[in-house]
Amino acid sequence: MSVIRALHRQLVTKERSAEEIAREYLERLAQLEPQLKSFITVTEELALQQAKAVDARIRAGEEIGPLAGIPLAVKDNLCTQGIRTTCASRMLEGFIPPYESTVTARLAAAGMVTVGKTNLDEFAMGSSTENSAFQRTANPWDLTRVPGGSSGGSAAAVAADQAVVALGSDTGGSIRQPAAFCGVVGLKPTYGLVSRYGLVAFASSLDQVGPFGRTVEDVALLLQGIAGHDPLDSTSLKVEIPDYSQALIPEIKGFKIGVIRDLLGEGCGEETRAAVQAAIQHLEELGAEILEIDCPSFRYGLATYYIIAPSEASSNLARYDGVKYGLREPADSLLAMYGKTRARGFGPEVKRRIMIGTYALSAGYYDAYYLKAQKVRTLIKQDFLRAFEKVDVLVSPTTPTPAFKAGEREDPLSMYLCDLMTIPVNLAGLPGLSLPCGFANGLPIGLQIIGNVLQESKVLRVAYAYEQSTDWHKRRPPLGQPPLEQAQGTAQQPKAKSKSTKGSKKSKS
């Protein structure tokens, strides 16, 4: 059952108040935070204020929406007016934005209760949340492992029930990869469906804000609250927003699902491949037609991304110079101040990407690197377009392996390979969702479902059908009973219904 729906029912029947729910989640957050370190800033005072406002509306007989009174965590690269927004960087350690991001403003207007700002890789550059300047977030399933990144704090907070849902950002997999590592659902929407106004930019043509939740329905409800045109974002799409809850039908008979052959081969771990193949077979048992799809340009996705994204980052991060806001190091000249401020303010990974991007954009190498990468990006988009002429959605593993040990991947290339399967979706601007499809040695494995432009409803429908016929999403990390189950007195730790690891029947395409 959707956690949002269950809590909403308790609120409207006055079984519990929004303040009671907020206090329970804040208590659990505080209890687990020394172990997990999911949050950079906890906004207890704001949360209780927002919860009391919802209770006042209920007492006045006002009808509340499904998001009212629901505890929310926000990735700390989304600007929140009057609340510290650091991007997990020394550069913005004390920065308090004078304005609010569109997505957080919309959710506040819907009555959501913000419990805090979550940890991330510095400026959203990383795949493990180890690049934060302040702390390393732990994976709730195994505290010695990473939660993924860059939205690792948001994923860990939802997995550990420190919040019901969370916001993240996804530039090359930063919602889907940590969702897979932490055993929750994460969605990167179509580029332009959700406003980026107030999201601190990493790579502007790739960044997208999206939701985390325990269930597909929770993610659909949060997406409903943030999707839609925003005149403050020049890349925002002017399209009609459907009711995503209407897509949640556990019936996919006749759906054509493409299996991306290129992402199930070399580079994919054996346990991950087995779990995803079992999930594909299960989708076939639900009535879907399975086709194998070739996307040959995907093999160049990683190289393409690591030219385009750092190039955009080198431009976007030029604004952090110590002049208008953020860190400023004293120096004898303006040029020296720039150098000292950026040397102290940025961490190693951010500096690395700025250097790569500056090199790719330099006069002698622009055509050889940046321009060529943009051409390959077009080829990747064309591969997707050809695939969607034959199928409704595509599926693949979300990550090559389950979560790895903290400190295990110090080599940048081995870290970059974590996003091998998610990057093509960002380069094409498509919607992609990760949901749990199995476990290996007690660690979650994610199934990625990819849709065509603005086809979030199809992605959600396939994800919902799979979720409702399995029990993977009901498993909980070994961290004690979460607030909702305490209130209901029903702790659950079921086994999944679908255990088959045999390959599915496929027709070649």
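Keep in mind that glycine also has a Cβ here, set from the backbone N, Cα and C atoms.
Marked as active site, charge relay system by Swiss-Prot: K75, S150. Annotation comment: Swiss-Prot describes S174 as active site, acyl-ester intermediate. The region 'Disordered' annotation in Swiss-Prot covers 471-509. For 496-509, the entry in Swiss-Prot reads compositional bias 'Basic residues'.
Its own atom aside, the Cβ of the residue listed as 'active site, acyl-ester intermediate' has 37 Cβ atoms within 10 angstroms in the protein chains shown. Taking CA atoms as the reference points, S174 (active site, acyl-ester intermediate) and K75 (active site, charge relay system) are 11 Å apart. Applying an 8 A CB threshold to same-chain residues 6+ apart, the list for S150 (active site, charge relay system) reads L120, D121, A124, M125, G126, S127, T129, N131, S169, T171, S174, P178. Its own atom aside, the Cβ of K75 (active site, charge relay system) has 32 Cβ atoms within 10 angstroms in the protein chains shown. When secondary structure is read from DSSP and collapsed to three states, K75 (active site, charge relay system) falls in the strand class.
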